[in-house]
Ligand SMILES: *[C@@H]1O[C@H](CO)[C@@H](O)[C@H](O)[C@H]1NC(C)=O
Ligand SMILES: *[C@@H]1O[C@H](CO)[C@@H](O)[C@H](O)[C@H]1NC(C)=O
């Protein structure tokens, strides 16, 4: 059978599409009491007074979530947003592009360094090299996780994400959080190992070794805190539908504490370099820095 362009078929599909238009009949019954006085019929209805996306969410979410189950509330938000013509916010493509570009650029830079080293063009291979290679591999896990989370809908409004993708987003995010924290730890370890390579002052080397141990302890502790923040662990990606039992530590507390300790470690790492250079400037003037 030959398949040809059929104008009448296209017309039928268009008409069918128009007939399948979303109406207030698609709203879950539990949500109907949330509209004052009636559910919206079209985008000029008085119940659609809140057109700006922020207002849309703050207007309807609290009532939907208290009157309905999570899934029904999301459906009610989806249907209302369509009837009221609320713009579809979606930055997930931008997120994916950013992740890919950042990963390619950083991998190229580190790749160049590793090739120079392994061809013996830039000094011996040491712990600073091994740890930066591990950092790249671990960070790749974070990048893949972020990419997949965006692929499944991170960066969109929650009510625009199909139910079957919600837990996939959380799973991808869960995997990327561990990669991020460990990658961060390995990058700083690499810099500190580099200090051990170039500085010979023994007192200073002990300070650097102490910093490496603190850095590894913090990195591992927070990675574990992240991984076991929910009981059971699967509650991290099952919590969203309100149908599972479990509990989680406050993720923002973990994130804040980790960020503050990271900033302190970064300041200490930079300060060590500044102090050593100020302490003995001549010595490092002709040092090879790669
Ligand atoms: C919107 O719905 C109201 C009735 O609910 C109707 O009177 C009005 O004509 C509709 N407007 C448009 C643009 O369809
Ligand atoms: C939102 O509603 C439209 C129209 O009913 C539907 O096609 C779409 O799958 C819904 N999206 C979600 C995430 O429920």
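Using the three backbone atoms N, Cα and C, a Cβ is placed for every residue, glycine included.
Taken from TrEMBL as is:
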- 25-84: domain 'CFEM' (DOMAIN)
- 113-276: domain 'Rhodopsin' (DOMAIN)
- 1-25: signal peptide (SIGNAL)
- 97-118: transmembrane segment (TRANSMEM)
- 130-152: transmembrane segment (TRANSMEM)
- 203-225: transmembrane segment (TRANSMEM)
- 259-278: transmembrane segment (TRANSMEM)
Going along the chain, which residues at least six beyond the ends of the transmembrane segment (130-152) come within the CB cut-off of under 8 Å?
92-93, 95-96, 99-100, 102-103, 106-107, 110, 113-114, 161, 165, 168-169, 172-180, 182-183, 186-187, 189-190, 193
Who are the long-range neighbours of the transmembrane segment (259-278) in its own chain, taking Cβ under 8 Å and residues 6 or more past its ends?
184, 188, 191-192, 195, 199, 201, 204, 207-208, 211, 214-215, 218, 222, 284
Mean of the pLDDT scores, which run from 0 to 100, over the domain 'CFEM' (25-84):
89
